[in-house]
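Enquirer: So TrEMBL says this about it:
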ACT_SITE  C:LYS78  active site, charge relay system
ACT_SITE  C:SER158  active site, charge relay system
ACT_SITE  C:SER182  active site, acyl-ester intermediate
DOMAIN    C:29-470  domain 'Amidase'
Amino acid sequence: MSLDKATVAKVANLARIRVEEKDLEPLAAELNSILGWVEQLGEVDTENTAPMTSVADMQLRWRTDEISDGGYQEDIVANAPGHEDGFFAVPKVIE
Amino acid sequence: MGMIIQGATGDWEVVIGMEVHAQVTSKSKLFSGSATEYGAEQNSQVSFVDAAMPGMLPVINEKAVEQAVRTGLGLKAKINKHSVFDRKNYFYADLPQGYQISQFLQPIVGEGVITIDLKDGETREIGITRLHLEQDAGKSIHDQHPSMSLVDLNRSGIALMEIVSDPDLRSPEEAAAYIKKLRSILRYLGTCDGNMEEGSMRADVNVSVRRPGEPFGTRCEMKNINSVRFIQQAIIYEANRQVDILEAGGTVDQETRLYDSVEGETRSMRSKEEAHDYRYFPDPDLLPLEFDDAFIEKIRADLPELPDDKKARFVNDLGITAYDAGVLVAEKEIADFFEAVAKGRDAKLSANWVIGELFGNLNRTGKSLSDSPVSADSLGELIDLIKDGTISNRIAKEVFEEMFETGKAAEAIVEEKGLKQVSDTGAIEAAIDEVIAANQDKVAEYRGGKDKLFGFFVGQVMKATGGKANPGVVNQLLRPKLDG
Amino acid sequence: MSDLTRLTIAEARDGLAAGKFSAVELTAAHITSMDAARGLNAYITETPEKAVEMATASDQRRAQGTVGKMEGIPLAIKDLFCTKDTLTTAASHILDGFKPKYESTVTTNLWNEGAVMLGKVNLDEFAMGSSNETSFYGNVVNPWRRQTDDQPLVPGGSSGGSASAVAAYTAMGATGTDTGGSIRQPAAFTGIVGMKPTYGRCSRWGVVAFASSLDQAGPMTRSVRDAAIMLEAMAGFDPKDSTSVDMDVPNFEAALTGDIKGLKVGIPKEYRLDSVPAEIQSLWDKGIEWLKAAGAEIVEISLPHTKYALPSYYIIAPAEASSNLARYDGVRYGLRVEGKDLADMYSRTRAEGFGSEVQRRLLIGTYALSAGYYDAYYLKAQKVRARIAEDFNTAFKEVDTILTPTAPSAAFAFGEKSGGDPLEMYLNDVFTVPASLAGLPGISLPAGLSGDGLPLGLQLLGRPFDEETVIRTAGVLEEAAEFTAKPSDWWRG
């Protein structure tokens, strides 16, 4: 499997990272070198192996249904680069 | 009956599948302890977890698990004791994590079934593909600021059940019946309040068309429709749009479309579609969700009687018509009200009063059952007065109007207005004598063989007693006097 | 008064208890040292006022008879731990100005045990790196230099600031986080002790996430005993972290019995790599001899899938990161670069906010999860990971602990491995990554010097939640190694 410029552009868009046209080619080369090295995983027989899900032998714990959090609007928007009347503010989204 | 669109080149059948997002009834969110109540001040029901602050982690709400299992049981579905939470990755202003925690390959509930009720008492079984738990997103408001969209995360992280149907629906009516039935079941179970206006139930509707008997056509998905009427309108518009394309020799593109209820049309949302690659993978902040049979059985033991079973019982045990039973079980509140009225009373008479007089008056005044001025108990008392002969059926209707108007008890009204039925033979006899004396000509005609006049005399006697005479007693006393 | 900064945590604890000095004095000495060491660029944010305030409160508590496990001990906190109202950056431009309104569980635990915060220390951006060369706040310098030249060296990474701060005596200990070796490798490069406990032992709540299934906090100190003391204070069950294990925290210090007679120590043959310098191989051999001399039984073991650990790590960690870092979008905190619409704002913010190594990993991770490649990359890597964990399970049926080198080299110069091929840098984690993938506890301790006078570390690994055996063995090894070398304090202004 080899990544071309177009694929890198597509992946960058998925990851919402703006990549300049001139950087696509070198990035593709770098990513290809890493992916090429990763190819060796193909040598491992995983036919009957389940993917690892958790390190510890434990079960998911459940929380009791009670209101134990929230109620601090100021703290929620305190760090926002744009906020207005307790809302987060972002460039207008047109649907 | 399926919907058939007659095109110039032949008939087209409409195929519909639904994905309903139902907000789980719970105090707190799926993975955080903030409140779920509707209509709170912006960002006041948001925790650092819901706002996806760095380093925040999800912890699952047991109530959400319980509600999903309860719903699964209500849909007669397979409950998966092992399920997995995945991340669905995409960027959006009201999706703070940049991913939604959902269930992709291994949902908590598998295949089930819903029986929908159609016109004329007909029913159809609609397959349920799956039910899974996921987080709701926040809300963007676009019209409050000239250049900015404002984001409120109160809804962010609230537990949703996504309930997916098989593509078994064949008409807008069936789709409507499906969503109504699903809503009814969820409300019976207490797992979702079914409030479509507040967004606690939204539907994504998949529509395709095909030649009858042929494989499925390409479908389009219309997202987030929040009324039964709009669902039907969207299906009709979309099915016709697809037929027009196909008839013109074109092909339908699989895509997400927006239903615009103002314009009454569906529009492509291709701009949003372009980069959809959700990159699902198991959420490493969570372990697989697991529970045992005992957990399921405990919930099963606690299940309420659901509409289908209730309907069957009303028909079989109470002798109510299928139609009436269907009306009575549609909403749990109605069924509960009816059962309270009918308890220890004539079920058919009770059903008639609930469906006829009560609903009639509620509809007329635009009231809902919950604010009915007549309670189940007082309607029951009124029926008791009819049964024990205190008032006639006709008087009872008058009394009911008064009850509905004033909220007073039936007995008080009867007492106050002196509406008690007269069964005193002396008083009735006197009235009969008066009527006979005043109508000697008619008496002669009757005795000459004109039997039909008997009714006239009954009417006159009733009139003379102000309608309060017991009609049975009148009959009994009148005939010998007329016969002479 | 002798230089208080030269004490270990255990010594300071005794000195404070005996009233030889106060927490305020101890803290003041470290603040002076921190000031003098600015050239190392170990700290992103210094919080001397807060430190004095906390130390004063500590002295008051002590006067009232309340003494926590870390009472009065001044610490540096890796800037990946969220600290309430104190700038928290993850060494990234994208978290510009971010002051959390909450405190991480691990730091909360430390403060509850009486510790004092000196400041927030530098790291590789989002903990992605092995040399601390990817920080938006600049490179951290290793206090150690080669005997032969004055060239500045990397402290290792990603907890490079933590390592440098502790090695340069500006803090008695520091928190680190380890995803693929980020505690152990910088500890080895700077001649200190670094311990990664079992995954699930320390809460991840409030720690900026890199790779959720791997990230684990741990102590970085100047002795094994100090690591035991500090780990005990950091660890503990946290209901806010679904992967935190509900298990009592043992008295780790009590594990330091010095007795390892009959202990079975595994030596994995796959870790004997030709590419590793002879001096590291021979240090490893020395370690074997020391343990043998202390009565341990040495067992050669095989961890057959070792060579696949790095490639699977470099799929799994970036894949998780690509999702974990999606929240940095310029909406709720940190940097925002305006764009023509929302999507444009996202991609400009993220392009400017993330450095090149972070971007590279986000792209790899995104690709590894994308439609059509998920099975080949991510799923395959998770399966290989299961095989690697299986290898360890098998080995630990036979042995109680495993001894290996910590890193394949000593500290290197800036730019030496960060020039062209990213793979060269990745290979630094070859000995630390396998245990990370399996979630096992591991410790690195300084055991000798390289030919040009740089510290080298040995690593001990243990069974899940058996930190005690690791600590006990490390204690014996530490004593045998008699590592007393110190960097010359050239950096003091």
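Each Cβ is built from the backbone N, Cα and C atoms, and glycine gets one as well.
Quantities reported herein were computed from a predicted structural model and do not represent experimental measurements.
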Enquirer: Measure from the Cβ of C:SER158 (active site, charge relay system) and count the other Cβ atoms within 10 Å, all protein chains considered.
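Expert: A 10 Å sphere around the Cβ of C:SER158 (active site, charge relay system) contains 35 other Cβ atoms.
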Enquirer: For the residue listed as 'active site, acyl-ester intermediate', what is the secondary structure by DSSP, using just helix, strand and coil?
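Expert: DSSP assigns the residue listed as 'active site, acyl-ester intermediate' to coil.
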Enquirer: Check each of the active-site residues C:LYS78, C:SER158, C:SER182 and report back the ones whose Cβ is under 8 Å from some Cβ of chain A.
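Expert: Answer, by Cβ distance to chain A: none.
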Enquirer: Tally every other Cβ atom lying within 10 Å of the Cβ atom of C:LYS78 (active site, charge relay system).
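Expert: There are 32 such Cβ atoms around C:LYS78 (active site, charge relay system).
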Enquirer: Below 8 Å Cβ to Cβ and six or more residues apart, same chain only. Which residues does that give for C:SER182 (active site, acyl-ester intermediate)?
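Expert: Set apart from C:SER182 (active site, acyl-ester intermediate) by at least 6 residues yet with Cβ under 8 Å, we have C:LEU123, C:ASP124, C:ALA127, C:SER130, C:GLY157, C:SER158, C:SER159, C:GLY176.
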Enquirer: Taking every residue in the domain 'Amidase' (C:29-470), what is their average pLDDT?
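Expert: The predicted confidence over the domain 'Amidase' (C:29-470), as a mean pLDDT, is 97.
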